[in-house]
Amino acid sequence: MTFWAVFLCTLAVSLLGGLYVLGAFRRRRPNEPPLDKGIIPWLGYALDFRQDSSGFLSKMQRKHGDIFTVLIGGYYFTFVMDPFCFGAIVKESRSKLDFLTFAAKLVLRVFGYKSNKDNNSALHSFNTKHLMGEGLSLLTQSTMDNFQKLMLFKLSSGEEKQPWQEAGLFHYCYNIVFRAGYLALYGTESYQGTGNKKKAHEQDLIHSNQLFTEFRKYDRLFPRLAYAMLPPRDKVEAERLKRFFWDALSVSKDSQKENVSRWISEQDQYLAENGVPDYMRDRFKFMMLWASQGNTGPTAFWLLLYLMKDPEAMKAVKGEVEKVLREYGQEVKPGSPPVNITRDMLDQTPFLDSAVEETLRLVAAPILIRAVLQDVNLKMSSGREYTLRKGDRVALFPHLSVQMNPEIHPEPHKFKYDRFVNPDGTKKDFYKNGKRLKYFNMPWGAGVSTCPGRFFATAEIKLFVSLMLTHYDLELVNDKEEIPAIDSSRWGFGTMQPVRDVRFRYRPRV
Ligand code: HEM
């Protein structure tokens, strides 16, 4: 009798525990947002979300309005679509809404890096020191040198036109921008190691190209790796690629490099001095490679493609770049050295700035996530207050709620190169319901996790596009080419990628 009583009690407790984990008892409390658990226990809407996050969230917004809680893979996410309360979320104290808890789990899974909260504020200080201000001028110059090395070494003497070369525009842009950024941040081959300067340069070209090839393999697996949804064979490949990058960027190879950026070297030195073992420092460097190179090349691709599809925009941006070059006494002409674009020059291109921002509006789509550590009250612009429940996650998807919102950006699907600039060169303001908005474009995230590389990324994209427009004749192989659709499996991870590449031709202008 006693045995059966114990058995039945254990069974009942396990059953109730199981149902609890599956979310069966979760009910919407007063003042909480609408709750939608879907029909599959525990998984909830994981599959719909994974397949096309933007399509799914758009459907939920139509069903529930500007705030709703959905079950996704065992977690309750409250999505807030009202841009007037973004400030309250991204500025809330870390003791209530925390970025690090979620990020730490993700970086352990995707890069093998175990973060330590104690190191965070020191590491952030290196971002401010080296990715902004004076540090940014040094990095911009070094990136410019590497672009010249990668793009302009085969320029003709101007005697005769060189033949057209054909390539995939996405591959070309991603490849060149990745390699220039990588060499600027992680350093170049040491002359001493190779014997002479020419050999060291050749080595840089070969090595950076190999690294890009492997990076793209990892890049393709990345979304499914982040969602822990890789099939076994791809899992093995992802592990191989991680080991490849840990080794390629290993601190044991530091002596073979020179011109390593201070952003990388000082962060690494700090970790070493604070007892982080070598193997974990290698993983940190891999994480920084992903953060710094995964979005910039794809953004450069979209910008160049939008310009090539829009003659008026192309004329305005190209004219602006050529004007700045002339003002600094430079011109692309036969026999002259490649142009050298400095940070000062990049500060004088309002149309190009607006075109970069417009490109990011269309294709940058991060999902910003915070863990709710205590119950938090949130007031919507309608005046209604909601409670975010402790233990849940709160998320923003500005691409849908702001960047593609026709109330804020009329004709949101159209590339308008001058959308962000007034005719006098000043920046435009944006409004919703007649009220001025602070958050009208959020490609870089916001608050504690705002991208620290945003100024450097913008400089890289502007350098690359300026060099392409001034040094090369460019044309699409098919002049009727449509802009390819966005690959909807990548929502949430930064700049989106196209479902297919676009063929183009290029040749040096002189
Ligand atoms: C177009 C290019 C880029 C885009 C669209 C972009 C976007 C973003 C976004 C949205 C975040 C925040 C993620 C979150 O809140 O969860 C982020 C974080 C970050 N980005 Fe970027 N990024 C770009 C380029 C760069 C570059 C060039 C660097 C470095 C040189 C960089 C370094 C970082 C780092 C270190 C973080 C993590 C910040 C933290 O954890 O506090 N990014 N980026």
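Quick reminder: no glycine exception, Cβ is built from N, Cα and C everywhere.
Pulled from TrEMBL:
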TRANSMEM  67-90  transmembrane segment
BINDING   ARG109, ASN295, ARG393  substrate binding site
BINDING   CYS451  heme binding site
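The substrate site in the record is lined by ARG109, ASN295, ARG393, and its two most distant CA atoms lie 25 Å apart. The local packing around CYS451 (heme binding site), expressed as other Cβ atoms within 10 Å of its Cβ over all shown chains, amounts to 20. Checked against ligand 1, the binding-site residues ARG109, ARG393, CYS451 give CYS451 in sequence order as having a Cβ less than 6 Å away from one of its atoms. Put plainly, the binding-site residues ARG109, ARG393 were compared by Cβ crowding within 10 Å, and the winner is ARG393. A distance of 21 Å separates the Cα atom of CYS451 (heme binding site) from that of ARG109 (substrate binding site). Secondary structure at CYS451 (heme binding site), as computed by DSSP, is coil. For ASN295 (substrate binding site), the same-chain residues 6+ apart in sequence whose C-beta sits under 8 angstroms from its C-beta are ALA364, ALA457, GLY494, THR495. According to its DSSP assignment, ARG393 (substrate binding site) is in a strand.
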